[in-house]
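Asker: Sending over a structure as C-alpha cells; questions will come in a sec.
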Amino acid sequence: MGHTHSRQLFVHMLSVMLKHRGITVSKTKLINFLSFIEEVCPWFPREGTVNLETWKKVGEQIRTHYTLHGPEKVPVETLSFWTLIRDCLDFDNDELKRLGNLLKQEEDPLHTPDSVPSYDPPPPPPPSLKMHPSDNDDSLSSTDEAELDEEAAKYHQEDWGFLAQEKGALTSKDELVECFKNLTIALQNAGIQLPSNNNTFPSAPPFPPAYTPTVMAGLDPPPGFPPPSKHMSPLQKALRQAQRLGEVVSDFSLAFPVFENNNQRYYESLPFKQLKELKIACSQYGPTAPFTIAMIESLGTQALPPNDWKQTARACLSGGDYLLWKSEFFEQCARIADVNRQQGIQTSYEMLIGEGPYQATDTQLNFLPGAYAQISNAARQAWKKLPSSSTKTEDLSKVRQGPDEPYQDFVARLLDTIGKIMSDEKAGMVLAKQLAFENANSACQAALRPYRKKGDLSDFIRICADIGPSYMQGIAMAAALQGKSIKEVLFQQQARNKKGLQKSGNSGCFVCGQPGHRAAVCPQKHQTSVNTPNLCPRCKKGKHWARDCRSKTDVQGNPLPPVSGNWVRGQPLAPKQCYGATLQVPKEPLQTSVEPQEAARDWTSVPPPIQY
C-alpha cells in the first residue's frame, strides 16, 4: 500500500465492508493479510483502490506462490480472507441472490385473511451447506472417519474453488419488471397500501455530510454539521467572502447581522475588489472624480438595499461628506416617494431610506424589484452632489518616466491619472502636455526641447517613439568616444538639429572634420603652419636647415667653406637721408699702398629741406 496512512485507511475500509456482511475480523489479521499480498503482488495498487478484476489477479498470484513455495509459505487465513473480499466486491452476484430471495418470497403466501400477518422464516441454507440430522451418538463410524481423513488430505490438492466464479442464470430486464408487478399485486391483495408520490411528508432533517475515507478511518476528526444558510445582502456576502480570504474589512464592520431563514430569494455577492477600489479612489482622487463616479455608476446597476448604500458611503467617505450624502439621499428619496404616492406605487419613504419598520436588512431584502432601482438612483444622485475635490493633485508629481520606459507608455499612465482627477478635457490636455515634458527622462527632454512650444502631445509621442534603451546606449558610447558628458552630447545634437545641419548632408566641420562648429569658426584654421625642412642645400646629406648645417664636406666629399656666424643677412633696409650737416667724403678707390692718407676736409653746410 505504500504509506502508513493509506494502509490504515484500506484496513479500515476492509473491516467495515466485512462487518457489513456480518463478519468481524481484527485489524491485526487484516494488516498481516495485506503485508502478505504486498510480498506476493508488488504491483498491487498503492492508492488502495481495488475492483473485482484486480482482486482476481491477486488470487491468481497467490495460487502461483502456493504452487512454487508450498503451503508453509501461505498463511492459513489467506484463502478465507481472499474469498470473503471477493464476495464483497462481486456486486452482481449479491444483487441476483437478493432478487432470487424476493422471487421465492413471492411464490409463498404472505398471510392468511383470518390470521395475523407474520414474518417468513429465513430461507434454508444451500444444499451444499445442509447438515445431516445429528444422532445422539457423536462418535463417527470407521468408514466415515476414513472418508473424512481422505478428504482432508486432498484439501490442498483441489483446484482452488475460491477462484471459480459462480455463473448463475442472469435475470433479464423484462423478468425484473414482471417480478416488480407481481410483488405490487401481492401487496395490494394483502391490504398493504403503497405511499403515493402526491402525498406530502414532513421534511426530514438534512443528512450528515458524506465523510471522507480518512474521517471514516479515524485519522481525521469528523466535520461538524454545516450552519443553517443565511440570506444576506450582496454587500454582506462580499464581505463574508473577503473576510474568509484574509482581507481587512474593518471599515465594513457593521455588515454581519443575524438573519432569519424565511426568504426564498436568490442573491449574488458583490466582488470585494470593486468595493476596495472604490474606497481607494475616494481617498486618492476624491468622491466626485470621474473615475470614482464611474465606479459608483457601475455599483448602481446592482440591486442594493438602503443599508448597503449607507454602509458603503460610511466606509468610503469622510465624516462630513457622509453627512452631506445622507441628507441629500433622504431628500432624493422624499421626492421619489411623492411621485410614488401620486402614481399609486406601494413604495413608501420609509422603504426607500430603510428606516422605521424597514430598518432591518432582512426586511429590506423583500422589497419589490422596482424599489431597488429607485434606491440606487437616489444614492447615485446624492453622490454626484458632493463637493468637488480639485485639490487632490499630489499624485501627478509621482507619474514620472523611467530610464528604460517607452515614452508612449509614460504618456498613457499620465493621461489615465489626469483623467481620474480632472473632468475638463481641455484643461487636462494642457496639463498633460506640460507634465509630458517635465516628468520625462533626460533623453526625451533633450529631444523634445526644440519642439516644446511648437508641437502637441501627438508630436511628442512621434519624436520620442525611437528613444529607448538602445538609443541611450548609443548616446553613452558617443560621449565616451568624444570624451564628453552625456549632457554635452545631447546639447550638441540639439544645437545641430536647431541649425538644420542635418539637411546639408554633412554635420562636421569642413576644415577639421569635427562636429559642433563650422569652418568659419574652426579653431585650427588660424593656427600658423610649421614647415619641416627638406634636403639641406649646402651639404646635400640630410634634412635640416642650411643655417644649422655644420658639415665640412658635401655629399661628394668636396670641402665646404666655413659658415660665418651671421652669414644670413636680413632684409635690406631702405636708404636713409640725414638732413643737416654732413661730412662729404670723396669717392676714391681703395688704396692698398702704405702711403699716408690725406687729411679730412672741413664740414659743409646744406640748407634744410622745404618740407619735413
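Glycine too: its Cβ is placed from the backbone N, Cα and C atoms.
Pasting the feature list from Swiss-Prot:
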| type | residues | note |
| --- | --- | --- |
| COMPBIAS | 119-128 | compositional bias 'Pro residues' |
| LIPID | GLY2 | N-myristoyl glycine |
| REGION | 103-148 | region 'Disordered' |
| REGION | 589-612 | region 'Disordered' |
| MOTIF | 202-205 | motif 'PTAP/PSAP motif' |
| MOTIF | 208-211 | motif 'PPXY motif' |
| MOTIF | 287-290 | motif 'PTAP/PSAP motif' |
| ZN_FING | 507-524 | zinc finger |
| ZN_FING | 534-551 | zinc finger |
Asker: Which numbers of helix, strand and coil residues does DSSP report for the zinc finger (534-551)?
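Answerer: Split by secondary structure, the zinc finger (534-551) comes out as 3 helix, 2 strand, 13 coil.
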Asker: DSSP helix, strand and coil counts for the motif 'PTAP/PSAP motif' (287-290)?
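Answerer: Its residues divide into 1 helix, 0 strand, 3 coil.
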Asker: Do you know the mean pLDDT across the motif 'PTAP/PSAP motif' (202-205)?
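Answerer: The average pLDDT of the model in the motif 'PTAP/PSAP motif' (202-205) works out to 44.
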Asker: DSSP says what for the zinc finger (507-524): how many helix, strand, coil residues?
Answerer: 3 helix, 2 strand, 13 coil
